[in-house]
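One structure coming up, written as structure tokens, with questions to follow.
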Ligand code: AOF
Ligand code: ZN
């Protein structure tokens, strides 16, 4: 019972890295001796100390004989930083409780094994599902090589996303757009299409001043980090004049054809083969995984939305529903041609339903 209280605290600490740790996981650590928390910490950024190191530094000598609660198996490898299991052993920690094993093949059980070999009492699995939720992106990439993909959609009650004229700003409320800023901020990358860039000329950045007050409080402005912007542009239609290439951070173009134009700093190209005349989305996702992208947040039109669903690369739908009717001439949520039988209709499960201002936000996952 007490163990759960400390692990819940470690999970809460880990959350504080949710905007900044990628490509690393979010990890929290709490060190307890004789019922007192003597050290705690979380991982903030790749290249900087891991959660355990921060907690051990705070605990100092009090770590001797203490229990360490960690949301992920302590690492056993020399990466950008030395192994945390060695640091825990050296500090004399006598028990380690991990919420889950680290699927990173460089670790994968070796951290816990090394601790056990050194005489530390070890257990894992406490609050594992909460720990899984915390790192959906990192865990999916480590297990499959693919990033976690969230498809964001915004629509009226009758599924309309734009009037026949193309007018679409704004269907959802300012509160929903603020919520989108928060979810963008937690993503490693934002994916869109050239069609969206040509139609709306979006910046696709996180604007700190547009985040809600709670998010701002846990994400100091000096830590602000822009998700990588990825634009699928098979026909090289986006130009160096578009706003997206003039924002802070990186923009990656996924192309099927050569492009020799001059681009501002921060712009690079991924060459992706075509499949039936279209850029191969599965190969794009594999390429993003190889480049250590943990999670992808998609903001695009109905064509890319439909193509991603058909390619089977969508892990989660985030749908904002505005209490309006756009009528039967409106444009729809996603282009999914050729569906004839109900049995072939893609199905989802509701995982979360939130009211956001006047709108609803629905979180769904594909039904198996
Ligand atoms: C932990 N605690 O706080 C983190 C862990 O390149 P490095 O040295 O930062 O190592 C990154 C890997 O270490 C990462 O892929 C994951 O397996 C583990 N991250 N482990 O025990 C932490 N950030
Ligand atoms: Zn570590």
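Using the three backbone atoms N, Cα and C, a Cβ is placed for every residue, glycine included.
Okay, these came from TrEMBL:
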DOMAIN    1-123  domain 'CMP/dCMP-type deaminase'
BINDING   50, 75, 84  Zn(2+) binding site
ACT_SITE  52  active site, proton donor
BINDING   168, 184, 204, 207, 299  substrate binding site
Should residue 299 (substrate binding site) be counted as helix, strand, or coil on the basis of DSSP?
strand
Who sits close to residue 84 (Zn(2+) binding site): which same-chain residues at least 6 apart have their Cβ under 8 Å from its Cβ?
50, 51, 52, 53, 74, 75, 111
Using a Cβ cut-off under 8 Å and a sequence separation of 6 or more, which residues in the same chain sit near residue 168 (substrate binding site)?
161, 162
Would you count the other C-beta atoms found within 10 angstroms of the C-beta of the residue listed as 'active site, proton donor' for me?
30
Fewest neighbouring Cβ atoms within 10 Å: which of the binding-site residues 75, 204?
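Candidates: the binding-site residues 75, 204. Fewest Cβ atoms within 10 Å: 204.
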Taking the centroid of the Cβ atoms of 50, 75, 84 (Zn(2+) site), which other same-chain residues have Cβ within 8 Å of it?
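Same chain, not in 50, 75, 84, Cβ within 8 Å: 27, 51, 52, 53, 74, 81, 83, 85, 87, 111.
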Scan 168, 184, 204, 207, 299 for binding-site residues whose C-beta lands under 6 Å from an atom of ligand 2 and note them, or write none.
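The qualifying binding-site residues: none of them.
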Are there any residues at least 6 positions away along the chain from residue 184 (substrate binding site) with a Cβ closer than 8 Å to its Cβ? List them or say none.
190, 204, 206, 227, 297, 299
Rounded to whole angstrom, what's the largest C-alpha distance between any two of 168, 184, 204, 207, 299, listed as binding substrate?
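So the maximum pairwise Cα distance among the substrate binders is 21 Å.
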What binding-site residues among 50, 168, 184, 204, 207, 299 have a C-beta sitting less than 6 Å from any atom of ligand 1?
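Close enough to ligand 1 are 50.
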Which of the three DSSP states, helix, strand or coil, fits residue 50 (Zn(2+) binding site)?
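In three-state terms, residue 50 (Zn(2+) binding site) counts as coil.
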Looking only at the domain 'CMP/dCMP-type deaminase' (1-123), what is the model's average confidence as pLDDT?
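Average per-residue pLDDT within the domain 'CMP/dCMP-type deaminase' (1-123): 94.
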Mind checking which of 50, 207 has the fewest other CB atoms within 10 A of its CB? They're the binding-site residues.
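Per-residue Cβ counts within 10 Å for the binding-site residues 50, 207 bottom out at 207.
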